[in-house]
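According to Swiss-Prot, the features are:
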DOMAIN    300-505  domain 'MCM'
BINDING   GLY352, ASP353, PRO354, GLY355, THR356, GLY357, LYS358, SER359  ATP binding site
REGION    659-1101  region 'Disordered'
COMPBIAS  688-704  compositional bias 'Polar residues'
COMPBIAS  751-773  compositional bias 'Polar residues'
MOD_RES   SER754  phosphoserine
MOD_RES   SER795  phosphoserine
COMPBIAS  861-872  compositional bias 'Low complexity'
COMPBIAS  876-885  compositional bias 'Basic residues'
COMPBIAS  964-977  compositional bias 'Basic and acidic residues'
COMPBIAS  985-994  compositional bias 'Basic and acidic residues'
COMPBIAS  1014-1023  compositional bias 'Basic and acidic residues'
COMPBIAS  1052-1078  compositional bias 'Basic and acidic residues'
COMPBIAS  1090-1099  compositional bias 'Low complexity'
Amino acid sequence: MNSEQVTLVGQVFESYVSEYHKNDILLILKERDEDAHYPVVVNAMSLFETNMEIGDYFTVFPNEVLTVFDSALRRSALAILQSLPETEGLSMKQNLHARISGLPVCPELVREHIPKTKDVGHFLSVTGTVIRTSLVKVLEFERDYMCNKCKHVFMVEADFEQYYTFSRPSSCPSLASCDSSKFSCLSDLSSSPARCRDYQEIKIQEQVQRLSVGSIPRSMKVILEDDLVDSCKSGDDLTIYGVVMQRWKPFQRDVRCEVEIVLKANYVQVNNEQSSGMVMDEDTRKEFEDFWEHYKSDPFAGRNEILASLCPQVFGMYLVKLAVAMVLAGGIQRTDAAGTRVRGESHLLLVGDPGTGKSQFLKYAAKITPRSVLTTGIGSTSAGLTVTAVKDSGEWNLEAGALVLADAGLCCIDEFNSLKEHDRTSIHEAMEQQTISVAKAGLVCKLNTRTTILAATNPKGQYDPKESVSVNIALGSPLLSRFDLVLVLLDTRNEDWDRIISSFILENKGYPSKSENLWSMEKMKTYFCLIRNLHPTLSEVSNQVLLRYYQMQRQSDSRNAARTTIRLLESLIRLAEAHARLMFRSAVTLEDAVTAVSVMESSMQGGALLGGVNALHTSFPENPRAQYQRQCELILEKLELQGLLQEELRRLERLQNESVHQCQSHSLEEEVAPGSCRNDPRDKPRLRTSTQQEQSCSWSSTERSGADSPPGPGLNRPTSCNNSAENRDGRGDGLDWLDPTSSPEIAPESTIVSPNVKTTEKNVNLKISNNKSQGKEKHGPQQRSKLLEAGHLPSSGAMNAPLRSHGVKRTKASQAVVVSEAGRGDEEDSVPRRLPKLLKEGSQNVCRSTTRVRPLPPTVPLSLSIPSPGSGKRSGTPKRKRRKSAQVEEPEPEGMETPTVKLAKFTFKQKTKLTHSPEGQGPIPPSASEIAVDSSKIPQQRTRREAAVPVVAPGKSTSTSGDRCSDQLHGKTKELSRQPPDSNPPREEREQGPKRRVIQPKPELGNQAGHSHLACEKDRKEGVSCGNKSSKVHAGTIARLASFSFTSPSESKSESLPPERKDSRDSRDSRDSRDRCHSPPATTAPVLGQQRQTFQLQQPTERANLSTLSLFTLSELDDEALDFDWEEEMRKKP
């Protein structure tokens, strides 16, 4: 730079500092220490806006411009001091430094990686983590020399590029013609303090979370001088502004010169306080506040949407995701009056068999946490985890380990049991006291390790539930007690679970797609950074619950003495605060306390009230509010807090009523099908992600029984948002809201539904509404949309006309449309041609060899004959009769009626009757089937014989069963329900046979259902149905075929069967046997296996089976939607 450029830069910077940093300079002038170094931090963006020419000079000549800035800053301070009228208490300071920050964000100036050779001489901003700090040294940067010949005195500055060594000139620099080369140093004996400065070297490393997998983080040295010394410590995240420079040792003969790239720092910014690296503006906060306002009536549904976005590549595992989210949210750190610090970070240990997804959670947690370290136990030593003493250039330095680097962040340790015994003991202090005390190589210090530890380990051999966790994983009790939660993931080798997981993985591999309902990783990172700034306070109610639980744990006979210490109460407080943060609350409520207790109970550290649970098979609840209500009843009753329970139940009922009214108002305003509640994420279009499957298509073992539910309109509406809570059997004890496979009494009520959908729910609902159908479509049928586009199916009105529930008129014209399509049924089939022949021969052999079914033996299990507790407490009248009477006696107000209720008031003129499913799931009209029933051609002789069959007393709780055709049409597993005593299936079977028309869509992967057209073809050749209206089936054949048993995985095993009429069972089993002939044996489940005597595939195991439906099935069709009230028809006849 020439003199004119130096003058310009000095004048511009002096005027800028005098205008914008006058207050900073006044504060510096008031300081008493005149020899200290004082910084003035200048924002580069605002400075460059003042004069763009300075920016050009600064980029090209950073070292010269910084020197000019310091000189201009001193002149500006002097001018300000002289302009003040009173200078008392003010003194001029000579050691002023301009510190540049806030560079424009561009690749030329801002770097996240270590600079390279091409960056030498440029002013950059580099981000990294401090891994080593050296001792502070005294650096002499100037010396005076005198020429021995002419006595000329001159000053020599230390050369930074040669490690601050002094290089004497080759000749005397005096103006006189003195060519002497001998000089004497004038400062050999003592150096003036004015000629020395503080000097420190630190080593920074690239942040691991910003690197790709497999990249080894590089490191470089940073030179700190003057006021920058001791501005950081090991483990800090820094943003360093400085000039990239080279340096080398003085040249020596026959020695290779090694050049090193270092960063001479101008300003150091510590990012520990805002480690997220992102700015939390008002728009971001407002977005999350609107999200929780949207879920105000059902906050647990909003929480589950966040949990479903956590590690979405792992299917289910609801409990693990909840625990990981609570650990990432963290509690609040406290310091009492005595100065003792109580940690706020929770620690989680995942114990599980190989292949249960433990490492996936660790990797995802490390990604969404801004400050994280991921390591493994086998590759870590105690020094690598804590701190290492390293000797560098003749001196010992401390190098930070994984726990120190993860200070105020997350440390993930995989294969935790691989740590050596003496290495495990080294992290005791780091986990509890949150510090590490070091006394190595003469260095005694204490480093902070305020980190959350998320560890994963495998059990030692086969996990033995009878032994303690400490024995199973070979970890000592002192270390194990420092973990707040210990979750056990046991691979129970469940065949159905394996089928579901394999289908989920293959589906994502073959058809990868993203869900709009899932939160992105950036949004998750922003949310967890935001909620860590919340400080919820404990309420009196939550204190009461946590204290009572801690007392019961201490009094438990089976308590772990090493675990039930005061650490347990502190863990409960941390978990409750973490859940309040996760729910975006400013206070810890009863919901947070109950959730913390339930998670602690499911952990192997708890279990005093209800026992532990296998966290692997826990799935997302269908109704989060009902799940929480179940938790409240179990936990608060065990804790003997009846007052809190009643108050909470009243509050939940009030919230439920509000949400029901909100659902109905949305339905009326937008004129969509009933049951589409806006504040339920399950009603959004299903895409191929784990979110929708886990939130809305999971095993609903988490629901409550009907007897436990308060009498609110939301739990009893058949069109509620997929709410089937009223049909659950209540179990006395146990964590049945978390583990659907922990007991044979629990069986799946819903199915895992593939989110592979192309028709949105709104469109499907509009189609159904236009056709005046009362059934509710839960998912858009993909196969039906494809056939409609290809022109193979009639209109939706013709298809849905025979399936009206609650009695919608069906005209002769609609029947004609269905019948006219019967001739094209065979052309639509897309099944391999060899299957009909094989199935036909198999069915003929079975029909010849079977014998008449025997009546129920007296040793039938009670579960098959006695109504379940949930159903036994309902009304004594059959559900069909109750519904008919309810429609007449209890009309709803006109303003609150949904389209379903309005359609239900039509009078039913046909001789058939369709009812809603008693299972709590709304009937779904089939999307690819036509069923036409001409009841006028029923033989009168058969009617008289069926009318003479005695009717079971109406006091028993009953369920209904209908035609299986509609389930087969979707190409999915059939759902078998129970027959009511007032139905007559043989007549229905013969009546529907000639008129049934079936279109089978192309079967997809994982589809295990039978093909209806094969059954139709077999029956046509056997003379049973499908083509000959006058043909009859011999009663003996029907009875013999009844020895087959078939059940759908979606039927609940926990609900018992009421007594049935023999002919009802015969006809139902006849259809089942035909269906079974066309179904793979692997899809059958032995619900009725105890009743049948032949062809029994398997017995109910102690572990309840999971759903065997494929993830590619789109919707679940209710059999009861196709059931006919034959008793009513017989009464109409004379």
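Every residue gets a Cβ built from N, Cα and C, even glycine.
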May I ask you to report the DSSP-based helix, strand or coil state of GLY352 (ATP binding site)?
strand
Between the binding-site residues THR356, SER359, where is the Cβ count within 10 Å the lowest?
SER359
Taking only same-chain residues 6+ apart in sequence, whose CB is under 8 Å from that of GLY352 (ATP binding site), what do you get?
LYS358, ALA456, ASN458, PRO459, LEU487, VAL488, LEU489, LEU490, ASP491, LEU616
Near PRO354 (ATP binding site), which residues of its chain come within a Cβ-Cβ distance under 8 Å, counting only those 6 or more away in sequence?
ASN458, ASP491
Tell me which of the binding-site residues GLY355, GLY357 sits in the most Cβ-dense spot, judged by other Cβ atoms within 10 Å.
GLY357
Surrounding CB atoms that lie within 10 Å of the CB of ASP353 (ATP binding site), all protein chains:
17
Which of the three DSSP states, helix, strand or coil, fits GLY357 (ATP binding site)?
coil
Over the domain 'MCM' (300-505), what is the model's mean pLDDT?
84
Let's check the environment of LYS358 (ATP binding site): how many other CB atoms sit within 10 Å of its CB?
26
ATP site shell beyond GLY352, ASP353, PRO354, GLY355, THR356, GLY357, LYS358, SER359, criterion: Cβ within 8 Å of Cβ centroid:
LEU350, ALA456, ASN458, LEU489, ASP491
